Amino acid sequence: GGPPPPPIPHHHTAKKEDVGGKIEQDNLGDANLLPSQELGKLVNGTKKVPATLDDYRKLVVPVIEEYFSTGDVELSVSELRSLGSDQFHNYFVKKLISMAMDRHDKEKEMASILLSALYADLLDSSKMSEGFMMLLESTEDLSVDIPDAIDVLAVFVARAIVDEILPPVFLTRARALLPESSKGIEVLQVAEKSYLSAPHHAELVERKWGGSTHFTVEEAKKRIQDILREYIESGDTDEAFRCIRELGLPFFHHEVVKRALILGIENLSSQPLILKLLKESTTGCLISSNQVSKGFSRVAETVDDLSLDVPSAKTLFDKLLSAAISEGWLDASFCKSAAPGEDMWNASSEKVKHFKEESGHIIQEYFLSDDVPELIRSLQELSAPEYNAIFLKKLITLAMDRKNREKEMASVLLSSLSLELFSTGDIMKGFIMLLQSAEDTALDIVDAPSELALFLARAVIDEVLLPLNLDDISSKLRPNSSGSQTVQMASSLLAARHSGERILRCWGGGTGWAVEDAKDKISKLLEEYNTGGDLKEACQCIRDLGMPFFNHEVVKKALVMAMEKQNEASILALLQECSSEGLITINQMTNGFARVKEGLDDLTLDIPNAQEKFRGYVELATERGWLLPSFASLP
């Protein structure tokens, strides 16, 4: 165990015998050559760059062996870059970790360090995720040779999330792709419950194998702040570079950029030194362009909060941003992802501060009382509709850090607000603000991206947003950012089979009831109507449920009841009345029919002519305009 040895310069690399085992002569020639020498032959044209995975495998294994022997990160990065073959980088991730899993803690820690060093420069997020996915899919095979493979791989997954080379949403995505009974699912469960949900989980995971820097996240932030303050006092760029390099946290350099920019905003006289430091660290390849962009994004997301202390924060940030782009060390495309609602940043800081404080009190009171009308009255009394997006952000942020009851209440409230106070534009802006700060939120709420994806998907199911709105939201976010990936996750949730019911069940169902309670109320009101109840009274009962986003359940149960009972005409008359009054929207009607269509095979076991009856209902509904035209094309 223990930390890895210090890096050894390239020219000090010792010659080893039979590195990586016996190598076939016709593929690599002299088996005694070091990997770096063999790669030199490739670069110099005496050998071809590996064209197949088999060729790549034979070259990359000795590179990993040599790294475990020397601990030289820079040499390993150089050798992997020389190999090219970007299409095989997911295999490198898998091979590096699988080889480390069968070794001591020292090699496991070294593997995590190397992945962080490679991330964003050689390994992009997609290849990193693909490599981990390949490992999860092969957990059964790994367990044959490594008895504790599940726990070890869980630590690697947790460590990658803590090191920010895997997004937290990876857990949810991987879980959706793996068989429920697989060992890969067990890995994800251990990673989430034993490591990522534990108190002080970042420190626990980082020190599991000895620690890459022996810093916790908070300690690292403090060291960065101290480095920057000393630099402002001394103006010694070389010393600042040396200290940043010694941190050994290339994957956390966005924090250096963020804190440097904030320092420049808070202290005008420091701006020239800050710009010099960031420019030279970028052009000198100390801080990667990806980390620089990420740092600027994190400041852009919090400018409205900074404005509370520095009223001119937006103007000062724009000045720093313009300088970075004009000097060529920040890509001009960064401006395309500017946060929405810039007019808010120029508003009175006192009014924004007062609104946020009052909103917090109103939301906390709502979580205690569950009184939607009272909350709406309180919000109207604030008389600040221009800050509706800020209210939405505050509501969901507070709900994410609470139990399922409050999350469900937040979604129910959002549905009510969309009908009475909030425009679609307000809601979209609020979600964009949430998604742009998703990475910061994840520092406090581990599963924030997954929770945000559920809130987004639920908003679509509740008809607060349209599916097309997700594309509009995504266009406002940086490509491959955590927020953009969260929108993709929401789209995947919505595209899944039985998505409506699953998403509604995620926190217990509308208006705070359990889903089964809601279904029971719907069944009872339909039974009462079917036994001679009044049509108007039945419609009023549906209205009193206060669950317009769950009306597809009314449609589903009504259609099944019509198939089972003799008086189907009265049931269909109820649906006609609900459609005519606008009580059940065409989307909810279509969703209800779609759910019945999905379960027709099971219904046929009890109702032999279910298929025939359903076709008749569809013809009637299409003729009377209950259904979307696209329903006929559903599989």
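Backbone N, Cα and C atoms are what each Cβ position is placed from, and that goes for glycine too.
Here's what TrEMBL has on this protein:
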DOMAIN    55-176  domain 'MI'
DOMAIN    219-340  domain 'MI'
DOMAIN    354-475  domain 'MI'
DOMAIN    517-635  domain 'MI'
REGION    1-23  region 'Disordered'
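On the 0 to 100 pLDDT scale, the model's mean across the domain 'MI' (354-475) is 85.
Mapped onto DSSP classes, the domain 'MI' (219-340) shows 100 helix, 0 strand, 22 coil. Across the domain 'MI' (517-635), DSSP classifies residues as 94 helix, 0 strand, 25 coil. With helix defined as DSSP H, G or I and strand as E or B, the domain 'MI' (55-176) counts 99 helix, 2 strand, 21 coil.
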